[in-house]
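**Q** My questions all concern the structure below.
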Amino acid sequence: LTAAAFALRFYKINQPDQVVFDEVHFGKFASYYISRQYYFDVHPPFAKLLFGLAGWFVGFDGHFTFENIGDSYSDNHVPYVGMRALPAILGSLTIPVVYAIMKETGYSTLIAAFSAIIVLFDNAHVAQSRLILLDATLMFFMSLTIYSYVRFRKLRYWEFSVEWWSWLIATGFFMACTWGSKVNGILTVVTIGVAVLIDLWDILDHKKGHTMLFWKHFMARAIGLIVVPVIIYLSFFYVHFAVLTHSGSGDTFMSPAFQETLIGNELLLNSQELRYYDTVTLMHKDTKVFLHSHVERYPLTYEDGRVSSQGQQVTGYGHEDSNNNWQIIPTKALPETGPGRIVRHEDLIQLLHVNTQSFLLTHDVASPLMPTNQEFTTWPKDNHSRFNDTLFYLNLVDGNEGDAWKSKSSHFRLVHAPTRVSMWTHSKQLPDWAFKQQEINGNKNPTEKSATWFVDSIISQEGGYRVDPAEVPLEPSVKEPKKMSFFKKFAELQLLMLQHNAGLTASHPYASSPINWPFLLSGISFWTENDTQKQIYLIGNVVGWWTCIISLSIFIGIIGADLLARRRGLTPLTEPTRNRLWNSAGFFVVIWAVHYLPFFVMSRQLFIHHYLPSHIASALVAGAVLSFILSDTVNYPISIAGRSTRRRPEELADLGVQGPVVVGVFAILMFVMFLYMSPLTYGTPGLDGETVNQKRLLSSWTLHFAAKTNAEVIP
């Protein structure tokens with residue numbers, strides 16, 4: 001099985017010699033590790049660190065940045081085969097782990113082989129394991145986590161022995177590797193958590209005599225399955241930050257304080273303290289528009305009948321323009337020179353629009369697009385009748401008393417002194433009367449996170465006031481990166497990962513609903529080549545996937561029938577068989593459900609490859625169900641007996657003659673279907689339109705290069 005897995009996953013691994021699907025992301029991240037440039041991604045770094053290590057090991061220098069699907073590896077001398085070999089190795093080793101899980105849970109060699117064959121000959125698993133993608137790493141460590149936990153549970157009569165501790169800590173270690181490979185690896189953590197809670201509930205049963213040891217068991221599991229995984233998970237990020245020390249594409253996602261820890265970052269190099277009477281441009285952090293004003297005024301009435309102040313328009317504008325220039329005006333007496341002229345956190349300031357010589361103002365008039373928010377306008381400089389309405393507090397994000405306001409690096413909120421609204425903008429455009437620029441308004445939440453701005457550039461300094469050269473520090477041409485604690489970096493990145501993962505809601509032509517996945521109703525086009533009509537289409541082996549979903553249905557039926565029979569006082573199943581169904585197959589069903597059902601409540605983009613961990617679990621269920629169907633007995637007991645364990649009579653599963661026949665026929669069907677679909681898995685050879693139509697087993701599959709069929713005309 002293992003040899004066959006390696007053969008199938010390494011076959012023509014050099015084809016295609018082009019960037020395929022999400023290699024455009026994960027190959028790029030590997031190149032960033034080698035060049036040590038900081039990047040941002042929604043997934044934890046462990047699997048990507050392995051790709052970076054594999055790339056470095058085979059001589060990749062990081063020069064190729066995987067910009068577009070279809071870019072040539074050969075033309076750019078990228079050692080891509082070595083990088084693809086990593087997931088191929090892990091994907092191949094998943095097969096013997098699946099086999100070992102079944103053997104350790106008490107199933108016969110034939111049944112273990114049956115479950116392994118479902119994954120071995122699955123086109124989706126093979127296609128996913130031959131490319132620079134995260135899923136092979138995720139599934140390998142998920143399988144090892146399950147295997148280790150099974151080994152740990154089998155030693156429950158040898159609690160606190162060296163071997164017991166070893167498998168407990170191994171479970172925690174592999175669980176952290178799963179969690180660290182991809183964000184949905186957290187589902188494996190939840191799976192083990194559910195199993196441990198059931199285990200502890202069982203230990204709490206005073207009839208079994210474990211009650212006195214409950215807290216000892218609890219603390220042991222807390223160490224092995226909480227403390228150890230957290231330390232391992234944190235270590236991935238520690239290495240991640242230690243490697244990525246240079247400025248890169250991910251800088252702008254991070255806070256200014258984080259960015260200033262990176263070598264060559266723009267904020268570190270160009271950040272300057274701001275002084276009163278400096279003329280600056282202000283940019284919104286999220287939408288990247290400048291605070292802008294022009295002589296045109298708001299219309300007297302809007303389309304919904306509301307009335308404006310007819311004041312000068314204040315808008316968000318996405319391009320450089322002299323109408324973006326604002327001068328920082330003090331509201332207190334200043335010394336002629338010295339640090340007293342520096343603008344600081346919580347200073348009360350005015351902003352003067354340079355071109356129209358008017359102060360920024362907001363008041364209790366509804367904004368054009370949002371009646372609940374305040375209108376922003378300006379007021380003539382020489383008219384002091386509304387002085388209070390032009391006053392704003394400068395609140396630096398994470399600022400402390402006395403902190404200086406800096407260009408580039410200081411994110412801030414501008415909070416109106418009288419009304420406590422914060423200056424805010426959003427992406428919706430104003431009508432033609434405002435030249436379709438963005439609306440600026442007052443958000444009634446003074447701490448609104450999206451009301452964050454920064455000074456993009458200093459147009460002129462001090463408005464002609466003298467700066468004493470002795471008070472301007474002589475800074476070296478190369479600034480040393482600043483320091484930031486690991487835990488602050490970690491917390492900031494974790495929060496951003498969660499926010500951006502939840503924000504992946506844009507439509508995608510190959511996105512699909514979770515309800516479709518077990519039935520293989522749709523796949524994903526990974527790669528196409530028009531000249532040769534080659535394509536890689538991620539789709540599973542129909543024989544295996546439908547066998548798994550049928551097996552899940554049968555399991556639910558068996559459990560339901562057993563519960564109903566016992567309710568009526570009948571015992572159709574022997575105790576060992578029932579225990580095997582509940583404790584073994586039931587555990588596999590929990591793995592399947594926990595890795596599958598949460599996707600129904602997710603609003604982000606979803607694809608069929610998100611189901612692959614659940615598919616492995618369903619292959620385990622399929623083996624358990626086949627064993628139940630073929631044999632009235634089970635291999636029992638399988639746990640390792642302790643010194644004082646009461647011995648039970650041994651029992652062996654007898655699959656009879658039909659066992660090898662069923663598994664043999666199933667293996668042949670799986671292999672034949674795998675071969676039939678292999679041109680879509682390996683991307684070679686190219687297929688003509690008629691052949692593509694033949695490979696399209698379900699009408700919902702969206703294959704490329706299909707021949708057009710003439711619709712029948714019914715007279």
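Backbone N, Cα and C define each Cβ position, glycine as well.
In case it's useful when we look at the structure, here is the feature table from TrEMBL:
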TRANSMEM  46-66  transmembrane segment
TRANSMEM  78-100  transmembrane segment
TRANSMEM  107-125  transmembrane segment
TRANSMEM  131-150  transmembrane segment
TRANSMEM  162-181  transmembrane segment
TRANSMEM  187-204  transmembrane segment
TRANSMEM  225-244  transmembrane segment
DOMAIN    271-331  domain 'MIR'
DOMAIN    402-458  domain 'MIR'
TRANSMEM  543-564  transmembrane segment
TRANSMEM  585-603  transmembrane segment
TRANSMEM  615-634  transmembrane segment
TRANSMEM  655-677  transmembrane segment
**Q** Give the one range among 78-100, 107-125, 225-244, 543-564, 655-677 whose Cβ atoms make the most pairs under 8 Å with those of the transmembrane segment (46-66).
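**A** Of the candidates 78-100, 107-125, 225-244, 543-564, 655-677, 78-100 scores highest.
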**Q** For the transmembrane segment (225-244), which recorded stretch in the set 162-181, 187-204, 615-634 gives the largest number of Cβ pairs separated by under 8 Å?
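**A** Of the candidates 162-181, 187-204, 615-634, 162-181 scores highest.
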**Q** Mind checking which residues of the chain, 6+ beyond the ends of the transmembrane segment (615-634), have their Cβ under 8 Å from one of its Cβ atoms?
**A** 94, 98, 101-102, 105-108, 111-112, 114-116, 118-119, 122, 124-125, 139, 142-143, 518, 540, 544-545, 547-549, 551-552, 554-555, 558, 574, 576-577, 580-581, 584-585, 588-589, 591-592, 595, 651-656, 658-659, 662-663
**Q** What stretch of 78-100, 131-150, 162-181, 543-564, 585-603 shows the most Cβ pairs under 8 Å to the transmembrane segment (187-204)?
**A** 585-603
**Q** Please give the average pLDDT for the domain 'MIR' (271-331) in this predicted model.
**A** 95
**Q** Are there residues at least six beyond either end of the transmembrane segment (585-603) with Cβ under 8 Å to its Cβ atoms? List them, or say none.
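**A** Tertiary neighbours of the transmembrane segment (585-603) are 105, 146, 184, 187-188, 190-191, 194-195, 502, 505, 514-515, 517-518, 552, 555, 559, 610-611, 613-614, 617-618, 620-621, 624-625, 628.
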**Q** So which of 78-100, 107-125, 131-150 has the most C-beta pairs under 8 Å when paired with the transmembrane segment (543-564)?
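**A** That would be 107-125.
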**Q** Counting by DSSP, what is the helix, strand and coil composition of the domain 'MIR' (402-458)?
**A** 3 helix, 27 strand, 27 coil
**Q** In the domain 'MIR' (271-331), how many residues does DSSP assign to helix, to strand and to coil?
**A** 3 helix, 30 strand, 28 coil
